[in-house]
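Under the heading S-adenosyl-L-methionine binding site, TrEMBL lists ARG51, GLY83, ASP104, MET153. Annotated domain 'Methyltransferase type 11' per TrEMBL: 80-181, in sequence order. Residues or ranges marked as Mg(2+) binding site by TrEMBL: GLU154, GLU157, HIS158.
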Amino acid sequence: MWRSRICQHIGRRRHFTTIDASEVKKFSAKSAEWWDPDGEFGMLQLMNPARVRYVRDQLADQSTSIGITSNKPFENLKMLDIGCGGGLLSESLTRLGGRVLGADASADNIKMAQFHKRQDPQLWRGPGQLEYKHTTAEDLLDAKESFDVVLAMEIIEHVNNPLQFLRTCGDLVRPGGTLFLSTMSRTFVSYFLTVALAEDMLRLVHQGTHDWTKYITSKELMHAIESMGQDWTVQDVRGIFWDPVCRQWRVAQEKGLVSPGGLESLEVNYFLTAKKNDNKLEGDDAI
């Protein structure tokens, strides 16, 4: 009897998913626009250089241990871009030497990513390696995959159970590895900019693209990282701001500065870096 109950419990866990089917359907319908500079993802394309610089700078502190070089900063790193969409970030990571797996729950997104990959011979020849897979974080964990770097950028606000998704992403990180997150804070300012302005007034994106109730404040996300246990440390958190004059995204220069003046009520977009402790290395140092 007890063995049967344990097997049933394991089976339920194995098939548990944080995927929001309505979100997958929504983004699948827009898959053709991923690389269109005038399409729904135009602002995300403009954010991509800032995302890559942030990841590079955060990993630079580990350059001695993982062999980062200036022209190939992600060389030798096995990287997961979960919720990769059309491959905007995956391609950039690969060009800088990463061994990248771009994963997405939308088959249409993966088809678009694969199509775009075929247009650039550099993505075939290296220095990095790029693979796309129609899969989920939970399925990758069940397959016992692990990565030096896991990037969950602009995705946690689109899943059903953000805390469980966060823990799944954390479990995919190898000891000593790094987890990167990017999302939007649940403030009245973010509602005005991303919903009222971008969706309802300017129609930059379709109405319903964002669900403001799913946004997560930086404090909430840091607390969620802390709830994952002593193996995890928040290494950095800082805001990213749109400069309408120069038409580019700028990352806050000061660590911990998520909003103008540091006011939580003014938070909108932000990046967070969390480090998974390498217990083996700590044990060796103790000896």
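The backbone N, Cα and C atoms fix where each Cβ goes, glycine too.
Not measured: the values here are computed from a predicted model.
Structural mapping of features recorded in TrEMBL.
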residue	record	Cβ within 10 Å
ARG51	S-adenosyl-L-methionine binding site	23
GLY83	S-adenosyl-L-methionine binding site	27
ASP104	S-adenosyl-L-methionine binding site	29
MET153	S-adenosyl-L-methionine binding site	23
GLU154	Mg(2+) binding site	19
GLU157	Mg(2+) binding site	20
HIS158	Mg(2+) binding site	23
By Cα-Cα distance, the member of binding-site residues ARG51, GLY83, ASP104 nearest GLU157 (Mg(2+) binding site): GLY83
Going by Cα-Cα distance, pick out whichever of the binding-site residues ARG51, GLY83, ASP104 is nearest to HIS158 (Mg(2+) binding site). GLY83
Chain-mates of GLU154, GLU157, HIS158 with C-beta within 8 Å of site centroid, Mg(2+): GLY83, ILE155, ILE156, VAL159, THR183, MET184, LYS214
Per DSSP, how many helix, strand and coil residues does the domain 'Methyltransferase type 11' (80-181) have? 42 helix, 31 strand, 29 coil
Given the binding-site residues ARG51, GLY83, ASP104, which lie close to GLU154 (Mg(2+) binding site), meaning Cα to Cα within 10 A? GLY83
